[in-house]
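According to TrEMBL, the protein carries these features:
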- 3-72: domain 'Release factor glutamine methyltransferase N-terminal' (DOMAIN)
- 103-192: domain 'Methyltransferase small' (DOMAIN)
- GLY116, THR117, GLY118, SER119, GLY120, ASP139, ASN182: S-adenosyl-L-methionine binding site (BINDING)
- ASN182, PRO183, PRO184, TYR185: substrate binding site (BINDING)
Amino acid sequence: MREAVRAATRTLREAGVPEPEASAQVLMSELLGVRRGEVLLREEPLSPEDAARYERWISRRLKREPVQRILGYAYFRNLKLYLNEDTLIPRPDTESVVEAALERIDARPLRVLDIGTGSGAIAIAIAQERPGCEVHATDISRRALEIARRNADLNGARVRFHLADLVSGLRLPGGVDLLVSNPPYVDVRGAQRRLAPEVREWDPPIALYSGEDEYAFFRRIFEETPEVLKEEADVVLEVGDGQSQKVLEMGEERGFRPLGTRRDLAGDVRAVLLRWEGGR
Ligand SMILES: C[S@@+](CC[C@H](N)C(=O)[O-])C[C@H]1O[C@@H](n2cnc3c(N)ncnc32)[C@H](O)[C@@H]1O
């Protein structure tokens, strides 16, 4: 086992694949169901089937396919979430968006809406960590919703999923107390330059790109969501690097009071917080 991991790490490193050790170790630990720390301690040889499978996985990683796509699932907070080609790989960055949302919820049972739920990451994490909340989630992709439903079931979380373009056609009488979203926020023109092949070639375009205007989804969210918001509803949005100030200003112009920002684990501003006051 140890020799196979070392050889794979060398091959990946020589090919310039990012994080070669992590890729080689995680794939082995998931293949055999052992802890990552153990894969460099165990000397027993792999069975021919396992060796062949590991080799196939390493060849896929050599083509810059992300580890989570090779496995077909990703870990997010304490959830295991299955993926398909219509779902974004949930990012550790987005955990800070969940933290910010949980902070707004405190212990109060609220009605929460996650727009563009993908694998269900944000909605399922909130439903699981605050079981008193009524959690709804939308996506425009039917196939993403199929897997999000399955992820909710597998993780024992109750989330109501809706196929919708943002909130159009959604009926939530009385409105929601908390809106959370990680919308597409990459402008398609800069993408070739800025995104790593793992993202550009493997994440679904509909999850990444907001057209030629990186702020298009934020604009739509501020214009279209008030119809489903209770007065004083909290809003937590994930933003891209350098976007927070402009998003807060855009919200303010549409009647949302800016409350602040939150950083992700890498120290970058990743979430903006606002409150809907426009009904006044
Ligand atoms: C950046 S991904 C976020 C996925 C997931 N919430 C996460 O954080 O991992 C954006 C999601 O928005 C969905 N989406 C794109 N356009 C949409 C629209 N008009 N209405 C609803 N969802 C949309 C995509 O299918 C994708 O799942």
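Backbone N, Cα and C atoms are what each Cβ position is placed from, and that goes for glycine too.
Computed from a predicted structure; not experimentally measured.
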For the S-adenosyl-L-methionine site built from GLY116, THR117, GLY118, SER119, GLY120, ASP139, ASN182, further residues of that chain with CB within 8 A of the site's CB center: THR87, LEU88, ASP114, ALA121, ILE122, ALA123, ALA137, ALA144, ALA148, ALA207
Residue from GLY116, THR117, GLY118, SER119 whose C-alpha is spatially nearest that of TYR185 (substrate binding site), among the binding-site residues: GLY116
Neighbourhood of SER119 (S-adenosyl-L-methionine binding site) by C-beta distance under 8 A, where only residues 6 or more apart in the same chain count: ALA74, PHE76, LEU81, TYR82, LEU83, THR87, LEU88, ILE89, PRO90, ALA144, ILE147, ALA148, ASN151
Fewest Cβ neighbours within 10 Å, where candidates are the binding-site residues GLY120, PRO183: PRO183
The domain 'Methyltransferase small' (103-192) - residue tally per DSSP class, helix then strand then coil: 27 helix, 23 strand, 40 coil
Pairwise Cα distance for PRO183 (substrate binding site)/GLY116 (S-adenosyl-L-methionine binding site) [Å, integer]: 6
Model confidence over the domain 'Methyltransferase small' (103-192), averaged pLDDT: 94
Number of Cβ atoms other than its own within 10 Å, given for PRO184 (substrate binding site): 20
The domain 'Release factor glutamine methyltransferase N-terminal' (3-72): DSSP-derived helix, strand, coil residue counts: 48 helix, 0 strand, 22 coil
Those binding-site residues, out of THR117, GLY118, GLY120, ASP139, that come within 10 angstroms of PRO184 (substrate binding site) at the Cα: none
Other CB atoms within 10 A, centred on THR117 (S-adenosyl-L-methionine binding site): 29
Cβ-Cβ distance under 8 Å to ASP139 (S-adenosyl-L-methionine binding site), same chain, at least six residues away: GLY116, THR117, GLY118, LEU145, ALA148, PHE161, LEU163, ALA164
Non-site residues, in chain order, whose CB comes within 8 A of the mean position of the CB atoms of ASN182, PRO183, PRO184, TYR185 at substrate: GLY116, SER181, VAL186, ALA207, LEU208, SER210, PHE217, GLU238, GLY240
Least buried by Cβ count (within 10 Å) of the binding-site residues GLY116, GLY118: GLY116
